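Enquirer: So TrEMBL lists the following for this protein:
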type	residues	note
DOMAIN	58-210	domain 'Yip1'
TRANSMEM	70-89	transmembrane segment
TRANSMEM	101-122	transmembrane segment
TRANSMEM	134-156	transmembrane segment
TRANSMEM	162-184	transmembrane segment
TRANSMEM	196-215	transmembrane segment
Amino acid sequence: FAGLADVSISGEVPVEGEITVPVSSHAPDEDFSTLDEPVRDTIMRDLKAVGKKFIHVMYPKKSSALLRDWDLWGPLVLCVSLALMLQGGAADSKDDGGPQFAEVFVIIWFGAVVITLNSKLLGGTISFFQSLCVLGYCVLPLTVAMLVCRLVLLAGAGTISFIIRLIVVVAMFGWSTLASTAFLADSQPPNRKALVVYPIFLFYFVISWMILTFTPQ
């Protein structure tokens with residue numbers, strides 16, 4: 001090994017092989033965390049996401065838009081709004097309507113949870129909160145129906161008023177049912193879709209019945 005110390009590599013000998021610098025596969029913007037952005041930008045982004053989900057419900061079609069980025073802000077707002085509009089029908093002059101608000105709130109969320117558990121037990125492929133998101137957002141047509149019924153009742157509570165409210169509630173009930181099944185249909189086994197659709201039908205039917213029988217005092 002004594003002669004190895006005298007061996008040198010000439011500068012004219014080319015070096016074989018390739019030297020590559022790894023390039024990141026994501027853009028620098030993807031490293032931007034929501035913790036570093038202003039609060040206003042975060043709120044506006046969340047509001048736009050909620051608004052897009054509302055649009056998907058009003059124009060229902062088979063899509064995974066409500067499933068990709070699920071949230072419960074929209075369902076919470078709809079549930080609170082519907083409960084506030086319904087509480088006046090059962091409250092009297094000696095009560096502030098608190099228990100009625102709680103009843104409506106619990107019925108909506110408990111019904112959504114039961115339907116979600118039923119879907120999961122039947123082999124559904126979506127997560128628990130994704131199903132709650134879809135069912136909650138699809139209450140939007142019934143919330144609109146409740147608002148229209150309140151406006152109609154301001155003009156009177158006669159037969160014509162009841163017919164108008166019946167038409168509006170039935171139309172929005174069908175809208176909510178079709179919208180929810182359009183989003184949830186592909187997540188269920190083909191031979192068990194009827195077992196999933198039936199509880200959804202009952203869920204929105206109960207809410208629709210509460211809206212139709214509402215009478216302010």
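Cβ from N, Cα, C; glycine included.
Automatic, uncurated: that is what TrEMBL annotation is.
Describe the structural context of these features.
Expert: Per-residue pLDDT, averaged across the domain 'Yip1' (58-210), gives 80.
Only residues 6 or more beyond the boundaries of the transmembrane segment (196-215), in the same chain, are considered here, and those with a CB under 8 A from a CB of the stretch are 82, 86, 89, 104, 107-108, 111-112, 114-115, 118-119, 122, 124, 135, 138-139, 142, 145-146, 149-150, 153, 157, 165-166, 169-170, 172-173, 176-177, 180-181, 184, 188.
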Enquirer: Within the same chain, where does the transmembrane segment (134-156) have neighbours whose Cβ lies under 8 angstroms from its own Cβ atoms, ignoring anything closer than 6 residues to its ends? I mean 6 or more beyond.
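Expert: 53-54, 56-58, 66-67, 72, 74-76, 78-79, 81-82, 85-86, 108, 112, 115-116, 164-165, 168-169, 171-173, 175-176, 179-180, 183-184, 200, 203-204, 207-208, 211-212, 214-216.
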Enquirer: Within the same chain, where does the transmembrane segment (70-89) have neighbours whose Cβ lies under 8 angstroms from its own Cβ atoms, ignoring anything closer than 6 residues to its ends? I mean 6 or more beyond.
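Expert: Residues packing against the transmembrane segment (70-89) from afar: 46, 49-50, 53-54, 97-98, 100-101, 104-105, 108-109, 112, 127, 129-130, 132-133, 135-137, 139-140, 142-143, 146-147, 150, 207, 210-211, 213-217.
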